[in-house]
Amino acid sequence: MAIQIGTISLEGPVILAPMSGVTDLPFRRLVKQSGCGLVVSEMVASQAMIRENRQTLRMVECEPEQFPMAVQLAGCEPDVMAEAAKLNEDRGAAIIDINFGCPVKKVVNGHAGSSLMRDEALAARILEATAKAVTIPVTLKMRKGWDDSSLNAPRLARIAEECGIKLVTVHGRTREQFYNGTADWSFIRSVKEAVSIPVVVNGDITSFDAVDRALAESGADGVMIGRGAYGRPWFPAQVMHYIRTGERLPDPPLHEQLDTLLEHYDAMLTHYGVEGGLRVARKHISWYSTGLRDSAEFRSEVNRMSDPERVRGFIRDFYAPAIERMAA
């Protein structure tokens, strides 16, 4: 089971979802090292991109080791989206992904994200302008629709294909749902049936059973994993292996999870600097440690610390007895 996105062949049908504040360079690097068909940047505003805002440029930094990497753009002006796409192509992006799915109020009020599912004419102009501006493939991520009375993802997928889009990902919720309720994977079958380009299913893919059901119900060509990778950068690789072989690999042993956490922690400090790195690291440390004994107290203590060496030592001290218990 493989996915072809224009001229690019993915190693496997698993994509790391774009997630604001999560899929930065250190996290993408870890996921790609473990194994993942495609990693996607955090969503970036096209206006900030063409101004070459320093923070925005850091968010879309590409490494050869992460190939293929997609940069996700949000915006409502076709010419600006096109210019931002070209800038990212020049900076090494392998794929441009267009965001028609973000439900956040600030984005929607700016007539971007899922707001564009309510304006198919403007959506088409954005899709066409972006696809024509670059030589690399352009993809689209969207939701079922704005609400249950406007489930227009199949129609918008057809428009996207006509505009030159090479792959569509659908999150199985409406904008009105945000992340509430459960993802409707079966609806995505209607999108798959509407187009000839690959379709990827997204939403609530957090386990092997979910992978089975999502693919069976949607008929999709692949899966996009978002929150299922929180604290588990190895999960996309497990899913890749499972789809390829049918074998459900266990999570890495706890001492390897600790090594991964510390590698990630050091990478965040290097990428953001001490203060910024600690701020970003706290949520990841929380996700990694979820489910371990006394993890709530551990997270609370980490959140009060400001010395990076003290945090590193505290992480080791917290994991040590758990690793000993696992080895006993």
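Every residue gets a Cβ built from N, Cα and C, even glycine.
Swiss-Prot lists Cys102 with the feature active site, proton donor, giving similarity to another entry as the kind of evidence. Proximity of Cys102 (active site, proton donor) to non-local residues of its own chain (separation of 6 or more, Cβ distance below 8 Å) is seen for Met43, Ala74, Val108, Ala112, Gly113, Ser114, given in sequence order. In this structure, Cys102 (active site, proton donor) belongs to neither helix nor strand by DSSP; it is coil.
Residues or ranges marked as FMN binding site by Swiss-Prot on the basis of similarity to another entry: Pro18, Met19, Ser20, Gln72, Lys141, Asn202, Gly203, Asp204, Gly226, Arg227. Its own atom aside, the Cβ of Gly203 (FMN binding site) has 29 Cβ atoms within 10 angstroms in the protein chains shown. The DSSP secondary structure for Gly203 (FMN binding site) is coil.
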DSSP state at Lys141 (FMN binding site), helix/strand/coil: strand
In the chain carrying Pro18 (FMN binding site), residues 6 or more apart in sequence that have Cβ under 8 angstroms from it: Val40, Ser41, Glu42, Met43, Ala70, Gln72, Asp97, Asn99, Lys141
Where the record names Pro18, Met19, Ser20, Gln72, Lys141, Asn202, Gly203, Asp204, Gly226, Arg227 as binding FMN, the maximum Cα to Cα distance in Å: 20
Sparsest-packed of the listed binding-site residues (Ser20, Lys141, Gly226) - C-beta count within 10 angstroms: Ser20
